[in-house]
Amino acid sequence: MLPSKRPSDAAAGDENGRGGDARGPGSGRRRARAAAGAVTAAPQEIDEDLHSRQLAVYGRETMRRLFASDVLVSGLNGLGAEIAKNLALAGVKSVTIHDVKTVKMWDLSGNFFLSEDDIGKNRAAACVAKLQELNNAVLISALTEELTTEHLSKFQAVVFTDIDLDKAYEFDDYCHNHQPPISFIKSEVCGLFGSVFCDFGPKFTVLDVDGEDPHTGIIASISNDNPALISCVDDERLEFQDGDLVVFSEVHGMTELNDGKPRKVKNARPFSFSIEEDTSNFGIYVKGGIVTQVKEPKVLCFKALRDAMTDPGEVLLSDFSKFERPPVLHLAFQALDKFKKDHGRCPAAGCEEDAHSFLKIAAAINEASADRKLDTIDEKLFRQFASGSRAVLNPMAAMFGGIVGQEVVKACSGKFHPLNQFFYFDSVESLPTYPLEPQDLKPSNNRYDAQVSVFGSKLQKKMEEANTFVVGSGALGCEFLKNLALMGVSCSSKGKLTITDDDIIEKSNLSRQFLFRDWNIGQAKSTVAATAASAINPSLHIDALQNRACPDTENVFHDTFWEGLDVVINALDNVNARMYMDMRCLYFQKPLLESGTLGAKCNIQMVIPHLTENYGASRDPPEKQAPMCTVHSFPHNIDHCLTWARSEFEGLLEKTPNEVNSFLSNPAQYAAAMRKAGDAQARELLERVSECLNKDRCSTFDDCISWARLKFEDYFSNRVKQLTFTFPEDAATSMGAPFWSAPKRFPRALQFSAADQSHLNFIMSASILRAESFGVAIPEWAKDTSKLADVVNKIAVPTFEPKQGVNIVTDEKASNLSSTSVDDVAVIEDLLAKLQEYAKMLLPGFQMKPIQFEKDDDTNFHMDLISGLANMRARNYSIPEVDKLKAKFIAGRIIPAIATSTAMATGLVCLELYKVIAGEHPVEDYRNTFANLALPLFSMAEPVPPKVMKHKETSWTVWDRWSVQGNLTLAELLQWFADKGLTAYSISCGTSLLYNNMFARHKDRLTKKVVDIAREVAKVDVPEYRRHLDIGVACEDEDENDVDIPLVSVYFR
């Protein structure tokens, strides 16, 4: 099952940030340290602008643990570079990179920090300065001497990517027995094969096994039974599972359950469950109650490496079509270590002698493996392993860099469940379908030698000549550009990589979009990313555009552009953009490589012409929206309160000022539009404009404070008093049931107090933003709560009396809360007349300033007001309040995101890219993947083939388009279908009907050219660059059965 298509990475939109120290030229970057010494730093405050998307995944406590963690990464091949990059972006306290080897041309295939100028330098020393650029808040140092156990004691976690087994045993023994234990990770990438081993010590506590919020339920009833049956409201399915622990709160009647004691769930069902508790003698349940899952820490006992090698236990599977693969790869990696020990090198690519020697070693180890002995050794697989074992391929490094980077985060924080303990992966399906000759695998002393040693020079040439389109240059886009540059995609004069993104760089982008720096803020994402990718590989032939890929830009991304493409890679952050790109790839029959992330989760989907279904073939169910009446009158969770708060913010500060300006800009036109509408919504708009220009008009900052204070009274006191007057606590429905039954919560009016800091904070943010919208000067004392209190306490607040007959919407299906009145037209006329008078009292040229919600600026008071609105409303309804950061996540609709899942997703996509560019791969070679690094879980599956439709001997899928050549008349087109045994009874172009055999007058069109009818009827203007007209045709066969045929293109030019 693929994850939701909604969440995704943001390539062309709202992205993560980085901040802290300025890192522009002259910002005083730290110099790389030549050796690892003790690193000390004062406790850091979390830069919430920088880490907002990461905070949404990890939370503050995990981030604080990361900020206190020192990590060693040993082995700066491509994998080591990826791991170090992800840790620097995550924001650990320090990263020490270690290597004793020097840079060779071979390394440039996998390590994006290196260039040809670095050849001959120490690998760690060559990387340290560029690694430091990623995050100045992380202390980066290089260690270039031989590593000993004494070096390890200062680290919380150590990672090795280039170490022999004997040395790994020595270091792991030291880390395993150290007090406290040092988390040890060993990972290797050998061609298209990879491994990870984790040892976090004899006892390691996982504080949060999955990172999900505790599941909750709203109780509808509880039985007095043994065991007790709890039924919940049927608004949402329960997520509890048997064995979960839950606690109860707010239960009326059966108050014994409110003791905070965790109780075990049994017989979990969609809307009910039982608990291991005898409630026979408890009080009778009356109403209310919330049940909440208790997440308990989990203690894991890791084995040391030398013990785990002989008894690896159950190994996590990534691909269920390779159920027997883990023990095979466990043997292969052991054989490789022995081969390197015997020969001092890896097996040579395509060398039969080395492959034979490798097989002999593997057979000997297997014979000595006792009860773990394999029945047979897959010689073909072992030869493939040996041949590519020296190569650290960039896609594999990116994928494993994401996995290992996440394991380090787990080791340092206890957040998420670690690997237990081995993980193996291979992608041999990425190899070309044709045989690879030894001559084709030989190095030629260029930066692609490692990749050539696996795939051969023929595929390398095809990759360099590929015409590639990357849509979006955010987090996914940056990773893709790095990967493509290292792989050599579009890196010849015959190839071209086009990247487009209409977004600019913001501070909140930088913590995952690693090609950007502080000094790039405000610049176009695509051009900065393209420049950075060209620095990684100067041969990259890239064109950066700032156009959104959408119907409005089809003159830019025209037919000729699309027809020349070899592959399209999506790096988008919203479903609508994905659907559009899917439609275009279907139309032009181009492969689409799709991916997305949501926190620690990621998914990739391959859309291959004629082999797989398209992206749009499977749609997620629409997100459940809370009914309008729930949000506005009956909230029962903080999400409802925040939805209401954002709606009020936009109404008060953006929509109403825009309405005011529309009226003032052209009163006559505005009045005509309101009269034409003549409904309750028009009346309400005019009422708000009228209030802004008269009763609520602000000329001084004191006016703004007064407005804010009266708004507080209206929102959190008067409205609640009216609601509870209309529906008192003992109110009943028309069926006689209690009106205030779950999930409704009975509200209480708030009494304003200047001694309550949250009340004053609301007044402060509301008055400052009101002043901004009216262009009123904001005094320096506006942020002084004591002076603010003095002003507020002098404001006279009218006494509120609830009214009879007020209509409050309770219908959950209602989509509009406006109440229609027979007097609407008369009221509109009266309001328009008053507005004309109010306008005369304004200064000439007066306009309000609409304020558009911006969540990522903590100095603009937007989130202060929204969180204030939401929390005061939550207080009305006894709903737990949230801090401003949590409010920002929910109200700002922030997509949780981390660098590790992004890196992994792009690595997986690029492993599929090898198959796409090579061509001739069957559908069973491709993989769609869903992964959750938090669990961890990897689920790979073959893509679903497209649905095949048939008529007689003709078959087609969604990928097909019927082409009709020639500038045909309508009669000739109808005959073209008749020749296929089909009757075309209706022909349309866009939304216009060109022909229907039921309409007699349409017979007059039979002699006209189809394109001329389209120009006349549909007002189609076919651009010069397009040679054809697309039409939709409804057909039936001889038996009058409808036949769903593909899109038809008439090539008239």
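Count begins at 1; order follows the chain as displayed.
Just so it is clear, glycine is given a Cβ too, placed from its N, Cα and C backbone atoms.
Quick look at what Swiss-Prot annotates:
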- C629: active site, glycyl thioester intermediate (ACT_SITE)
- A475, D501, R512, K525, D573, N574: ATP binding site (BINDING)
- 1-40: region 'Disordered' (REGION)
- 59-608: region '2 approximate repeats' (REGION)
- 59-197: repeat '1-1' (REPEAT)
- 456-608: repeat '1-2' (REPEAT)
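Here the features listed in Swiss-Prot are painted onto the structure.
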| residue | record | DSSP class |
| --- | --- | --- |
| A475 | ATP binding site | helix |
| D501 | ATP binding site | coil |
| R512 | ATP binding site | coil |
| K525 | ATP binding site | helix |
| D573 | ATP binding site | coil |
| C629 | active site, glycyl thioester intermediate | helix |
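C629 (active site, glycyl thioester intermediate) is 30 Å away from D573 (ATP binding site) when you measure Cα to Cα. In the repeat '1-1' (59-197), the DSSP tally of helix, strand and coil residues is 58 helix, 34 strand, 47 coil. For the recorded positions shown (A475, C629), fewest C-beta neighbours within 10 angstroms: C629. The binding-site residues under consideration are D501, D573. Their Cβ neighbour counts within 10 Å are lowest for D573. Calculated from their C-alpha atoms, the gap between D501 (ATP binding site) and C629 (active site, glycyl thioester intermediate) amounts to 39 Å. Recorded residues A475 (ATP binding site) and C629 (active site, glycyl thioester intermediate) have their alpha carbons 38 Å apart, per Cα-Cα distance. Cα separation, K525 (ATP binding site) to C629 (active site, glycyl thioester intermediate), rounded: 41 Å. C629 (active site, glycyl thioester intermediate) and R512 (ATP binding site) have their C-alpha atoms 39 Å apart, to the nearest angstrom. Confidence across the repeat '1-2' (456-608), taken as the mean pLDDT and rounded to a whole number, stands at 96. Summarising the ATP site geometry, the residues cited as binding it (A475, D501, R512, K525, D573, N574) extend over a maximum Cα to Cα distance of 18 Å.
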